[in-house]
Amino acid sequence: MVLIRVLANLLVLQLSYAQMSSELVVGGGECNRNRHRSLALLYNSSGTLCGGTLIHEEWVLSAAHCDMENMKIYLGLHNLSLPNKDQQKREPRETHFCLPSRNYTLWDKDIMLIKLNRPVNNSPHIAPISLPSNPPRLRSVCHIMGWGAITSPNETYPDVPHCANINILRYSVCRAAFGRLPAQSRTLCAGILRGGIDTCLGDSGGPLICNGQIQGIVSWGAEVCAKPHAPGLYTKVSDYTDWIQSIIAGNTTATCPP
């Protein structure tokens, strides 16, 4: 069984930070509060929680399966119980998907582009990250981060985002771990073969960052996170760069790659 890495109906998030709960990366440590400036938190009052990435002053990138009603988007957030002075809250003005029905598969088109209701201002804790110029190289060291579970299968949830490093692996490694994968897909296989480090529940939609560019979007993985020889699957952003840039430029009829 595979696990879509979004947390739903597990917690009711309140507008008061002191009452909010959170989720994070297994095997990582607390992120430096000054080094996740593009990281966004997506949530609603019914308990759906995801990550996202600021790629433009008006645009956030996330996973299609993170679409939710009454979405709120926070940027510049670190400790859920102790808000930063420069953090900003936004709502979606538009959402764009590769498929009109908002469908996706476990290996294709799990991507959502969100236009914010108003631009964000750059600050010490908020700044967009670059889209990829090329796909990441095999064995590249990349960064994962988010408010996702830090233990699995018995999940625990701290108040701060966790960060960790993982490697880009051969796609065949994920095919061996998850037999349902096709021979080719628009996803990246990334993780640590020995296990112990992984994205998990609540990290969906968050970034896989390689060399200062967003190369992947947290999509799905094993039901128990951080198992040996069971890496995570990430939407391959470089395959969608033209679509993303066209939408941002105002071409809302742009189509995704087949």
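Even glycines carry a Cβ here, placed using N, Cα and C.
Residues annotated as signal peptide in Swiss-Prot, with sequence analysis given as evidence: 1-18.
Per Swiss-Prot, the feature domain 'Peptidase S1' maps to 25-249; the stated evidence is sequence analysis.
As annotated by Swiss-Prot, N-linked glycosylation site applies to Asn44 (among others), with the evidence given as sequence analysis. Asn44 (N-linked glycosylation site) falls within neither a helix nor a strand when secondary structure is assigned with DSSP, and so counts as coil.
According to its DSSP assignment, Cys50 (disulfide bond) is in a strand. Annotated disulfide bond per Swiss-Prot: Cys50-Cys66 (among others), in sequence order, evidence recorded as sequence analysis.
Using a 10 Å radius centred on the Cβ of His65 (active site, charge relay system) and all shown protein chains, the other Cβ atoms total 22. Among the features that Swiss-Prot reports, active site, charge relay system is placed at His65 (among others).
Counting only residues at least six positions away in the same chain, the Cβ atoms of Arg33, Asp159, Val160 sit under 8 Å from the Cβ of Asn79 (N-linked glycosylation site). Annotation source Swiss-Prot lists N-linked glycosylation site at Asn79 (among others), citing sequence analysis.
The 10 Å shell around the Cβ of Asn103 (N-linked glycosylation site) contains 13 further Cβ atoms across the protein chains shown. The N-linked glycosylation site feature in Swiss-Prot is assigned to Asn103 (among others); the stated evidence is sequence analysis.
Taken residue by residue with DSSP, Asp110 (active site, charge relay system) is part of neither helix nor strand, so it is coil. Within the same chain, residues at least 6 positions away in sequence whose Cβ sits under 8 Å from that of Asp110 (active site, charge relay system) are Ala63, Ala64, His65, Tyr104, Ile217, Ser219, Trp220, Thr235. Per Swiss-Prot, the feature active site, charge relay system maps to Asp110 (among others).
In the shown protein chains, 22 other C-beta atoms lie within 10 A of the C-beta of Cys210 (disulfide bond). Sequence annotations record features per position, and here Swiss-Prot assigns disulfide bond to Cys142-Cys210 (among others) based on sequence analysis.
Per Swiss-Prot, the feature N-linked glycosylation site maps to Asn154 (among others); the stated evidence is sequence analysis. In three-state terms derived from DSSP, Asn154 (N-linked glycosylation site) belongs to neither a helical nor a strand segment and is classed as coil. Within 10 Å of the C-beta of Asn154 (N-linked glycosylation site) there are 6 other C-beta atoms, taking all protein chains into account.
The disulfide bond annotation in Swiss-Prot covers Cys174-Cys189 (among others). Cβ neighbour count for Cys189 (disulfide bond): 26 (other Cβ atoms within 10 Å of its Cβ, all protein chains included).
Other Cβ atoms within 10 Å of the Cβ of Cys200 (disulfide bond) number 31 in total over all chains. Under the heading disulfide bond, Swiss-Prot lists Cys200-Cys225 (among others), citing sequence analysis as support.
Look at Ser204 (active site, charge relay system): DSSP puts it in coil. As annotated by Swiss-Prot, active site, charge relay system applies to Ser204 (among others), with the evidence given as sequence analysis.
The secondary structure of Asn251 (N-linked glycosylation site), as reduced to three states from DSSP, is coil rather than helix or strand. The annotation N-linked glycosylation site is assigned in Swiss-Prot to Asn251 (among others) on the grounds of sequence analysis.
Counting every protein chain shown, 28 other Cβ atoms lie within 10 Å of the Cβ of Cys66 (disulfide bond). Note on the domain 'Peptidase S1' (25-249): mean pLDDT across this stretch is 94.
When secondary structure is read from DSSP and collapsed to three states, Cys225 (disulfide bond) falls in the coil class. Taking Cα separation as the measure, Cys66 (disulfide bond) is nearest to Ser204 of the recorded positions Asn154, Cys174, Ser204, Cys225.
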